[in-house]
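Reproduced below are the annotations present in TrEMBL:
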DOMAIN    77-292  domain 'ABC transmembrane type-1'
TRANSMEM  7-29  transmembrane segment
TRANSMEM  83-103  transmembrane segment
TRANSMEM  110-137  transmembrane segment
TRANSMEM  165-185  transmembrane segment
TRANSMEM  222-249  transmembrane segment
TRANSMEM  269-292  transmembrane segment
């Protein structure tokens, strides 16, 4: 419990530091974006951080009625979390699962094909992949000639029901998870190869443990820790891809407002997005640490 409390405090510290840095950069480089205020800069920064701690960032000028930035962000959090959770799960499952499947024959045809696909998945821009899937399998516009198609836009769970929601979100999950699948496959494959001669694996093999059981129950569990760590380090790239996916698929997440906020220099909305992004990255670090402690009891 003490460890978890320390990690939560660390999350708060990271978010506060990132927000303060962003606020200072705006205040020093673009002071015209803020209302005139004769008070000293540290006082203004302290007030801004106090407001941010209460999820108050002022009003946005990009939406009708000038709503509170906090309300706009809260409305987009469910879509963000649904896309992030599903995309990360899809990427990890695809990358790690494929690496484990190829571990039995690391130099076989499947391993070579999977390696090539992983490189493409890691390098292909997500907006290109997303648009390609929409043009190929999208409803009414798909060229694949299938009797069904994926919805062209994100559908809220409360609007279209579970079936329609799943049909609309599964492709964004795949698109968001593909780059992560590429890097986790390559990392997991290398980790499996490097750890293949560990003493406990050799001992289990000598006792007659079936190769498949050995690979799934023992070898993969031992080798997955570096892969999970790498996935956590790639959270910032995953969130960048999330912003693009929300734009391509019209998802109602927080990052759908990013382009307009940048174009109009909506400092309140930009600071709010910075706050939310820092929280996502920091919380992902805690989740990774919890997973590593679960996978390897030696980790304190």
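Here the Cβ of each residue, glycine as well, is placed from N, Cα and C on the backbone.
In TrEMBL, annotation is done automatically, which means it is predicted and not curated.
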Under 8 Å, at least 3 Cβ pairs, sequence separation 6 or more: does that hold for the transmembrane segment (110-137) versus the transmembrane segment (269-292)?
no
What parts of the chain pack near the transmembrane segment (83-103), using Cβ distances under 8 Å and only residues at least 6 beyond its ends?
110-111, 114, 118, 169-170, 172-185, 187-189, 192, 215-216, 219-220, 224, 227-228, 231, 238-239, 241-242, 245-246, 251, 253, 280
Do any residues of this chain, six or more beyond the ends of the transmembrane segment (222-249), have a C-beta under 8 angstroms from a C-beta of it, and if so which?
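Residues packing against the transmembrane segment (222-249) from afar: 79-80, 83-84, 87-88, 91-92, 95-96, 125-127, 130-131, 134, 152-154, 168, 171-172, 175-176, 179-180, 183-184, 187-188, 191-192, 194-195, 198, 200-201, 255-256, 258-259, 277, 280-281, 284-285, 287-288, 291-292, 295-296.
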How about long-range neighbours of the transmembrane segment (269-292): same chain, 6 or more residues beyond its ends, C-beta under 8 Å?
7-8, 10-11, 14-15, 18-19, 22-23, 26, 48, 52, 57, 60, 62, 69-70, 72-73, 77, 80, 84, 225, 228-229, 231-232, 235-236, 239, 254-255, 257-258, 261-262, 299
